[in-house]
Amino acid sequence: MEFLERTYLVNDQATKMYAFTSDRERGQKPVNKDQCPGDGPERPEAGAIYHCHNSFKATGNRSSKQVHAKWRLCAASAICFFFMVAEVVGGHVAGSLAVLTDAAHLLIDLTSFLLSLFSLWLSSRPPSKRLTFGWYRAEILGALLSVLCIWVVTGVLVYLACERLLYPDYQIQAGIMITVSGCAVAANIVLTLILHQRHLGHNHKDAQANASVRAAFVHALGDVFQSTSVLISALIIYFKPDYKMADPVCTFISSVLALASTVMILKDFSILLMEGVPKGLSYNSVKELLLTVDGVISVHNLHIWSLTVNQVILSVHVATAASQDSQSVRTGIACALSSSFDLHSLTIQIESAADQDPSCLLCEDPQD
């Protein structure tokens with residue numbers, strides 16, 4: 001059986017749909033594929049094929065998100081650099097390892113911000129014949145590299161804290177430590193507000209946060225708690241100078257918080273790199289939705305994965321009756337999916353119900 005590929009936009013969004021048409025459909029007049037049943041008048045067919053370059057939304061959707069992400073990361077980088085220098089100077093003068101630990105984490109954040117900006121630039125590059133999906137996953141690689149930086153620096157700081165516990169021959173200027181750590185708390189709160197992305201609504205189609213900005217936000221949120229713990233230890237040392245061991249103890253606590261902040265990122269990104277179903281989507285719910293479309297008899301070879309956090313891809317094989325208008329089925333599937341989920345790319349292969357083989361292992365549903 002010979003197949004013909006058709007490409008068009010779904011609901012005028014940056015979503016491509018690829019459908020494979022069998023020989024039995026060749027003589028049928030194609031229907032408008034940009035229009036859901038009950039919508040307004042049909043557009044000119046132009047060969048019944050609509051491409052992404054016919055829509056300004058399609059080309060501008062991704063770039064608009066990139067601009068917002070870059071603005072947030074640039075603003076966060078500037079603030080992070082200024083307060084990092086202030087903490088290095090203040091921590092050195094105060095003799096506080098906890099403050100220097102906080103400065104080191106700001107250095108980690110600054111590095112991660114710069115890596116994220118670089119990865120965003122890479123992800124905006126056009127696809128090539130070797131990288132046909134483009135450079136979207138450069139964002140994920142940049143975020144994972146920043147997590148690795150956290151682990152390395154945290155290990156060094158824990159080692160220094162152990163030395164202070166074993167050899168407590170050091171002095172701390174608690175007054176300077178309070179001033180510097182208080183400013184650090186304020187700076188990290190500002191960073192968190194800049195990087196925070198509000199999500200309006202709770203359905204699957206709400207846009208997910210950019211991967212790089214999300215990783216940076218988690219870093220900044222962890223630093224808020226870390227800076228607060230440094231401030232608390234500074235107050236303890238100020239009122240009880242004999243309790244100066246609170247400084248290395250605070251370093252241990254901050255290190256644990258920093259490592260804990262990376263666990264969720266690693267979990268989500270590992271699933272993404274393993275081509276798992278994106279967070280917020282359910283395999284069963286997508287299949288059930290497809291089976292509700294008129295003309296759909298069965299669904300198999302359903303695959304859902306992501307290029308990056310906000311670039312979801314779906315491909316599926318759908319069986320229909322021989323008398324069913326496959327173009328109408330495709331239109332129904334496109335409308336159902338695009339109204340419920342935010343998809344970057346959609347591929348549908350229409351097959352005849354008579355060609356289905358119940359014993360085919362590839363057509364079986366995956367395990368739970």
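Cβ atoms here come from the backbone N, Cα and C positions, even for glycine.
Within the same chain, the residues at least 6 positions away from C363 (Zn(2+) 3 binding site) whose Cβ sits under 8 Å from its Cβ are H300, N301, H317, Q356, D357, listed in sequence order. Annotation comment: Swiss-Prot describes H51, H53, C360, C363 as Zn(2+) 3 binding site.
Positions annotated as Zn(2+) 2 binding site by Swiss-Prot: C52, H300, H317, E351.
The Zn(2+) 1 binding site annotation in Swiss-Prot covers H105, D109, H219, D223. The DSSP secondary structure for H105 (Zn(2+) 1 binding site) is helix. Long-range C-beta contacts of H105 (Zn(2+) 1 binding site), restricted to its own chain and to partners at least six residues apart, with a cutoff below 8 Å, comprise I150, V153, H219, G222, D223, Q226, S254, A258.
Here Swiss-Prot flags H344 as Zn(2+) 4 binding site, drawing on similarity to another entry. Classification of H344 (Zn(2+) 4 binding site) by DSSP places it in coil, neither helical nor stranded.
Annotation comment: Swiss-Prot describes 1-78 (among others) as topological domain 'Cytoplasmic', evidence class similarity to another entry.
For 124-139 (among others), the entry in Swiss-Prot reads topological domain 'Cytoplasmic'.
Annotation comment: Swiss-Prot describes 161-174 (among others) as topological domain 'Lumenal, vesicle'. Residues of the same chain lying 6 or more positions beyond the ends of the topological domain 'Lumenal, vesicle' (161-174) and with a Cβ under 8 Å from any Cβ of it are 93-97, 101, 234-235, 237-238, 241, 244-245, 247-249, 251-252, 255.
Annotation comment: Swiss-Prot describes 196-216 (among others) as topological domain 'Cytoplasmic'.
According to Swiss-Prot, the topological domain 'Lumenal, vesicle' annotation covers 238-245 (among others). Note: the topological domain 'Lumenal, vesicle' (238-245) comprises 5 helix, 0 strand, 3 coil (DSSP; helix = H, G, I, strand = E, B).
Confidence for the topological domain 'Cytoplasmic' (267-368), expressed as mean pLDDT, is 85. Residues annotated as topological domain 'Cytoplasmic' in Swiss-Prot, with similarity to another entry given as evidence: 267-368 (among others).
For the transmembrane segment (79-99), the list of distant contacts is 106-107, 109-110, 113, 157, 160-161, 164, 170-174, 176-177, 179-181, 183-184, 187, 190-191, 194, 229-230, 233-234, 247-248, 250-251, 254: same-chain residues at least six beyond its ends, Cβ to Cβ under 8 Å. Summarising the annotation, Swiss-Prot assigns transmembrane segment to 79-99 (among others) and lists sequence analysis as the type of evidence.
Tertiary neighbourhood of the transmembrane segment (103-123): same-chain residues 66, 69-70, 73-74, 76-77, 80-81, 83-84, 87-88, 91, 134-139, 141-143, 145-146, 149-150, 153, 156-157, 184, 191, 210, 212-213, 215-216, 219-220, 222-223, 226, 254, 258, 308, selected by CB-CB distance under 8 Å and a gap of 6+ residues from either end. According to Swiss-Prot, the feature transmembrane segment maps to 103-123 (among others), an assignment based on sequence analysis.
Sequence annotations record features per position, and here Swiss-Prot assigns transmembrane segment to 140-160 (among others).
Feature annotation from Swiss-Prot assigns transmembrane segment to 175-195 (among others).
Note on the transmembrane segment (217-237): residues 76, 96, 98-99, 101-102, 105-106, 108-109, 112, 146, 150, 172, 174, 177-178, 181-182, 184-185, 187-189, 191-192, 195-197, 209, 243-244, 246-247, 249-250, 253-254, 257-258, 260-262, 264-265 of its chain, located 6 or more positions outside it, place their CB under 8 angstroms from a CB of the stretch. As annotated by Swiss-Prot, transmembrane segment applies to 217-237 (among others).
Under the heading transmembrane segment, Swiss-Prot lists 246-266 (among others), citing sequence analysis as support.
Remote same-chain partners of the transmembrane segment (246-266), defined as residues 6 or more beyond its termini with a Cβ less than 8 Å from a stretch Cβ, comprise 96-98, 101-102, 105, 108, 143-144, 147, 150-151, 154, 157-158, 160-162, 164-165, 172, 214-215, 218-219, 221-222, 225-226, 229-230, 232-233, 236-237. DSSP places the residues of the topological domain 'Lumenal, vesicle' (161-174) in helix, strand and coil in these numbers: 7 helix, 0 strand, 7 coil.
For the topological domain 'Cytoplasmic' (267-368), the number of residues in each DSSP class (helix H, G, I; strand E, B; coil) is 37 helix, 28 strand, 37 coil. Per-class residue totals from DSSP over the topological domain 'Cytoplasmic' (124-139), listed helix then strand then coil: 2 helix, 0 strand, 14 coil. In this structure the C-alpha atoms belonging to C360 (Zn(2+) 3 binding site) and H344 (Zn(2+) 4 binding site) are separated by 29 Å.
Long-range contacts of the topological domain 'Lumenal, vesicle' (238-245) within the same chain, counting only residues at least 6 positions beyond its ends with a Cβ under 8 Å from a Cβ of the stretch, are 164-165, 168, 170-172, 174-175, 177-178.
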